[in-house]
Every structure is written in C-alpha cells, then in structure tokens.
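**Student:** Provided herewith is a single structure, encoded as structure tokens, for subsequent inquiry.
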Amino acid sequence: MERKERLRAGIAAMGLDISETAQDRLLAYVDLLKKWNKTYNLTALRDEEKMIVHHLLDSLTLLPHIEGVQTMLDVGSGGGQPGIPAAVCRPDVQITLLDANTKKTAFLQQAVIELGLDNVRVVSGRVEAVSDVRADVVTSRAFAELADFVSWTGHLLKDGGYWAAMKGVYPQGEIGRLPQDVCVEKVQRLDVPGLDAERHIVILSKR
C-alpha cells in the first residue's frame, strides 16, 4: 500500500477528520525524520511504514483528548511526538515542544520552519527549570513515571488544566503511586491501526 493510502486508511479507521493538506504535511514530517535521523538520533525506526504507525497514527490518538484547548505543552518531545502531528492537525492550538536534549530541539526548530508551523514554539531545557510556559494541557509520550510527570510539570499547568499522559500497557502501579492531590479523570485504551502493542492515555487533574 502506498504511504499516502496507508496514512489515509489509518486516519479513517481511527474516525478522525484530517484534511488532505494536513496529511501531506504529516508525511513531510516523516521525510524530515528520515532525513535528519542519523544526525540527530531521533528514532530507532528506519522503516517508513513503521514510522507512519508509531510516529503519526500513535500521536494522532491524542487529538480527541485536546478538544477545546487553546494551549498545549509536549514534555520530552524528542523527535516531536505527539506535539508536531498534533500541531499539524490543530493549527488553532498554540503548542510548546520542550526537550532537554539540544540536538533534539535543533531538529524540532528545523522541522517547525520547514513545515511552516506558526503555532509551535520550541524550548530547550529541563522541565523543572522552565517557568515561562503555562498550558491548558500538558502531555508526554513515554516520558516518565506518572508521579514524576505530574511533580515536574505541575507549575506549568494552567488553573483548570489537565495532564494527558500517553502510555503503553495499563499503568496500574504508576496510578497507585500518584500523590493524593492528583485525580485520575480517565484511563482509556487507544487503538492504533497497524500497531501490535497496547496503548493507553491517562487524563489527570489537580484536586
């Protein structure tokens, strides 16, 4: 199956409505990952088909969980997941990509320019040291244990905001270790077409 068809079929299977223009931009992002991977060590994946599944479709499972938000922070963004695919599909949301690895943030800056993402800002630094970002939703994909994630990023969450942590298997133990002042709003299993692995999203808020 041609890559454009594979992406379109995956998006349709997920019940998402994403324009042709946005889909083309998502594939341009995959091209950038492939182009700069050796220089910046962005992903262990080399196969384009797997990149579409793991980096695009997996990231797009976040979209239904950021309806109505105006600002989002992607912590430990790495090569830009889930932040860049989200930014492509939601140009109305101001998104900050944060990573401590300067090689990764150099790539992110390049990607933002080449993809024309006017709604994205890239910040280089450790999350605990960042103080000039406030977001309606703070997200991450495979970044840290939930308790550490909320502890390190609580000061970056707007009043009334929430965390959206993208995880693999159901994180029962991690949920049990969350601090008392954090409320688990929802844990939802995510279905990623073509991915033979468990995925969950954990929505958390301050009590």
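Just so it is clear, glycine is given a Cβ too, placed from its N, Cα and C backbone atoms.
These came from Swiss-Prot, pasted as-is:
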type	residues	note
BINDING	GLY76, GLN81, VAL127, GLU128, ARG141	S-adenosyl-L-methionine binding site
**Student:** Max CA to CA distance in Å over the S-adenosyl-L-methionine-binding set GLY76, GLN81, VAL127, GLU128, ARG141?
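**Tutor:** Max span of the S-adenosyl-L-methionine binding residues, Cα based, is 20 Å.
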**Student:** Sort ARG141 (S-adenosyl-L-methionine binding site) into helix, strand or coil using the DSSP assignment.
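**Tutor:** It is in a strand.
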**Student:** Under a criterion of Cβ-Cβ distance under 8 Å and sequence separation of at least 6, what residues of the same chain contact GLN81 (S-adenosyl-L-methionine binding site)?
**Tutor:** HIS55, ASP58, SER59, ASP74, ARG141
